[in-house]
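A quick write-up on the structure given underneath.
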Amino acid sequence: VVRRHLLQRYEHQPFISCLAGFYSCRWKRYQRRRTEPGKCCCKTVNYLRINTDVGFCIGTAFCFSLVFLYMWGEAKNDYNNFDWYNYGNLGFWFLWSLVLLIVAAILFMYIALLLVLAMCLLAEGQQLYLHWSHKIGTFLVLGFSVTALFILSVLWGDQWKTVRLSFQITAPYLHIGAITIMVLLSWPVALHAIRADKKVVQVIIVGPYLAILLFLFLIPLGMYSPCIREMGTLGPKPALIGHRGAPMLAPENTEMSFQKTIEHGGDGLETDVTISYDGIPFLMHDSTLRRTTNIKEVYPNDTAQNAALFSWDTLQELNAGTWFLKDKPFSCMGSLSRADQNQAMNQSIYKLSNFLRLADSQNKVVIFDLYRPPEKHPYRNSWINRTLEVILNESGIRPHLVLWLENDMRSFVQSVAPGFQQTMGSKAPVEDLLMDNIVKLNLAYTEMSSEDIRKYAEANITTNFYVVNEPWLFSLAWCSGAHSVTTNAVHTLKNLSQPLFLMTPQQYNIMWILTDLTSVLLISLIFAL
């Protein structure tokens, strides 16, 4: 009897030993205590309490890390904005967005592995002795995810609108992923339910599982995606307007950048216009010259000065391209050829008149944000008049190629340049837009709505969305009926021949039904075994 007891006590169990070793750092050749899954008695109260507490902590950390990873993964379209925001606060350029994504992915994989180990140990009737280092790791994941979600919600709340839009594309595939997880969970659920002593315990274990499963089976009934549509109903591909040119291929707002947009088949050019102290409109997005020129080397004492307070002669002394090769503002830029590197290094600040001549010669529409000069600037009160002089008298661009966005003095602009395409930067009632002769809306992509697009299109008002860089977001704009998008990635979006997630309702129904039937079959087999 003693010999048999010792052999049973020291029986080699490599699978459980590995699980316990990775999870609780207890590398033993035998199992000290075991509670059969589903068994419930007074001796297992402490077992249930400990396992419930540990499981709740790991499960909570897993959920928050999953939400943050999904949110930040879908935020890739705006990584450049995030990095630019940090540059403005920290004073140096770094791809913080990519670092945050890598950290989020590592923490999620860590907590997911802990969750899998915990589920396997529970299935073997083990108590969850979580090692102190994993406890610290769990709270680190939870704290990081909650803090990151809170900070991003406060500083960048519109990102939740991006998440909401992404569901219109990813929902069918998230549904399949959720069903797959439920199939995997059916093993420990079935093990605990079948070995339970009482019917009440079985109902408590199986009931919530089946309720969640039924909800997942039926959720596609309320799912909507503009990319699930009948054959032949897809509208034309949206036109591509280069955002400050092609800033992934060349320094933004330079001649090279706009040339790259034209080379890759862009349909229009977008830029930002500032007026120099002596009245020369030039292209510059930032209020200072610090980020996109070498002013720190040429005029180190003037790095914080407003760009509009420099004369044009001074601006011409600056290099507007070397920063691009040094900072690499996009994580997916790729490598430039030697010729492109040399060209980028020799870029200068671009004059508005030259920009307009280039657009006119290539028959490209232009749209630009016009910045009012600061106080005490000679052209602070005549900035629009001066810009119109350049457009109408100096550049020679055909008026119909100009999408006029500035709302100040719109009536005056229409009287002197009736050929401009009047463009509004916000949504408004159709009647008000028609009264102001608006023919196009220029909206942030977070305001994308297929219903609004259709409503405005019926009044012959087209829509342009900015800034759309990711293929999934461009696919959503295409399916929703957008007329054009402003993008940093003309070179990649131009190659899309159709939306990425386009399918017919019949194809989606087949996918939905097959997923549900396959999962029911697998879950039934697991419970039967």
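Each residue, glycine too, has its Cβ placed from N, Cα and C.
Just so you know, TrEMBL annotations never went through curation; they're auto-generated.
Because the structure is a prediction, the values reported are computed rather than measured.
Listed in TrEMBL for this protein:
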DOMAIN    238-497  domain 'GP-PDE'
TRANSMEM  54-73  transmembrane segment
TRANSMEM  93-124  transmembrane segment
TRANSMEM  136-157  transmembrane segment
TRANSMEM  169-191  transmembrane segment
TRANSMEM  203-224  transmembrane segment
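Taking residue pairs at least 6 apart in sequence, the transmembrane segment (169-191) and the transmembrane segment (54-73) share fewer than three C-beta contacts under 8 angstroms. Mean predicted confidence for the domain 'GP-PDE' (238-497): the pLDDT average there is 96.
Panel annotation: around the transmembrane segment (203-224), residues 38, 168, 171-172, 175, 178-179, 182, 185-186, 189, 192-193, 196, 508, 512, 516, 519, 523 of the same chain, lying at least six beyond its termini, place a Cβ under 8 Å from a Cβ of the stretch.
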